[in-house]
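Written out below as structure tokens is the structure these notes cover.
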Amino acid sequence: MTAITNIAAREILDSRGNPTVEVDVLLEDGSFGRAAVPSGASTGAHEAVELRDGDKGRYNGKGVLKAVDAVQTEILDAIGGMDAEDQVAVDEAMITLDGTPNKARLGANAILGVSLAVAKAAAETAGLPLYRYVGGVQGRVLPVPMMNIVNGGAHADNPIDFQEFMVMPVGATSLSDAVRMGAEIFHTLKSALKKAGHNTNVGDEGGFAPNLPSAEAALDFVMESINAAGFKPGSDVVLALDCAATEFFKDGAYHYEGEGQTRSIEQQVEYLAKLTEAYPILSIEDGMSEDDWEGWKLLTDRIGNRVQLVGDDLFVTNVERLARGIETGTGNSILVKVNQIGSLTETLAAVDMAQRAGYTAVMSHRSGETEDSTIADLAVATNCGQIKTGSLARSDRLAKYNQLIRIEEGLGAQALYAGRSAIRQLAGR
């Protein structure tokens with residue numbers, strides 16, 4: 001009944017107009033699953049490999065026909081007839097078939113598309129929503145959104161070096177209430193930027209991308225907008241940053257090209273510490289570069305007791321790198337991106353390892369997204385309590401928020417909004 005009978009794949013476009021892989025899986029009983037794979041702009045060097053065609057005469061070399069072909073030939077031959085309900089076996093079969101440590105032969109985009117589509121088909125067979133199929137009856141925590149309302153770095157064409165400035169509505173009463181709060185802050189910020197003579201164009205993830213001179217200038221606008229929208233910073237809403245520091249770490253120092261400054265490792269740590277003292281910043285992602293383990297440790301020792309320090313490029317949803325972080329006390333949270341590792345099984349393993357070690361986990365989108373809302377279900381399934389899925393603009397971002405609203409409605413009285421408990425450094429305050 002749940003045997004995989006057919007797999008189809010195609011090349012579709014993501015939110016940046018670049019090709020990505022979409023996969024359909026059909027089971028013996030007629031159940032069907034479809035998944036589309038996201039793509040990042042600022043990618044960690046240790047991520048699983050996204051297979052691109054390299055044909056400059058087609059999509060500027062970014063086509064994914066090789067990955068599509070891999071799905072419909074080798075992967076179908078390998079897992080056709082397997083039980084879709086045995087997710088681990090299906091994923092392990094594809095990983096073994098690939099035969100490389102980073103999925104470079106078949107492509108993480110090929111393997112992940114199949115992995116997620118198989119899970120969706122199995123959920124349909126079981127008559128369950130995906131979050132319930134993956135998470136069981138315990139999957140009922142609605143995550144606090146990290147809403148990216150100002151974009152910089154690789155996600156925008158402006159002088160701001162940090163990549164994301166986010167608001168987290170920890171004081172909301174529910175997920176739908178959190179979405180309302182975020183939307184009101186977003187529109188208030190738009191008015192404030194326009195009044196000050198700044199453009200209100202948006203970046204890849206739907207946040208505004210004004211020409212501001214520094215992180216402090218961006219944070220000041222965000223704080224002003226929170227207050228003007230009628231919320232209390234630090235209580236109703238806290239701030240989060242994604243520095244994406246790997247993008248501006250060169251020759252052992254952090255080069256802020258937009259600001260025209262260079263900071264040593266020690267100066268970078270102190271700069272971030274001062275920002276957290278001046279603003280209600282409760283979460284910093286990639287404050288140090290992906291291989292600056294020394295800097296990461298210094299930052300953790302300096303502010304880790306009061307700020308969530310999220311490893312994205314540092315951990316790349318990889319249990320081996322996460323294990324090193326846990327062993328050395330580096331960071332205290334992991335950003336979870338399904339396409340960084342390339343299968344559902346490995347994604348869930350990373351979340352489980354983090355939670356067992358007392359680290360938090362943040363389910364995340366990529367800057368190149370589609371209408372696929374799988375990560376919304378996975379955030380609830382894993383009870384991770386936090387999700388990062390962009391701003392309150394662009395339908396590729398709103399697809400995830402809208403799915404969370406539907407999940408909350410479906411859970412009814414069982415639904416539990418994570419709120420202040422999502423960030424351990426905040427829960428005790």
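Count begins at 1; order follows the chain as displayed.
Cβ coordinates come from backbone N, Cα and C, glycine included.
As written in Swiss-Prot, here are the features:
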- Gln163, Lys337, Arg366, Ser367, Lys388: (2R)-2-phosphoglycerate binding site (BINDING)
- Glu205: active site, proton donor (ACT_SITE)
- Asp242, Glu285, Asp312: Mg(2+) binding site (BINDING)
- Lys337: active site, proton acceptor (ACT_SITE)
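Rounded to a whole number, the distance between the Cα atoms of Arg366 ((2R)-2-phosphoglycerate binding site) and Asp242 (Mg(2+) binding site) is 13 Å. Of all the recorded positions in the list Glu205, Lys337, Arg366, Ser367, Lys388, the shortest Cα-Cα distance to Glu285 (Mg(2+) binding site) is found for Lys388. With respect to their backbone Cα atoms, Arg366 ((2R)-2-phosphoglycerate binding site) and Asp312 (Mg(2+) binding site) stand 11 Å from each other. Pairwise Cα distances among Gln163, Lys337, Arg366, Ser367, Lys388, the recorded (2R)-2-phosphoglycerate-binding residues, top out at 17 Å.
Neighbour count (other Cβ atoms within 10 Å of the Cβ, all protein chains): 26 for Lys337 ((2R)-2-phosphoglycerate binding site).
Cα to Cα, Asp312 (Mg(2+) binding site) and Glu205 (active site, proton donor) are separated by 17 Å. For Lys388 ((2R)-2-phosphoglycerate binding site), the count of additional Cβ atoms within 10 Å of its Cβ stands at 30 [all protein chains shown]. Reported as a whole number, the C-alpha separation between Lys337 ((2R)-2-phosphoglycerate binding site) and Glu205 (active site, proton donor) equals 15 Å.
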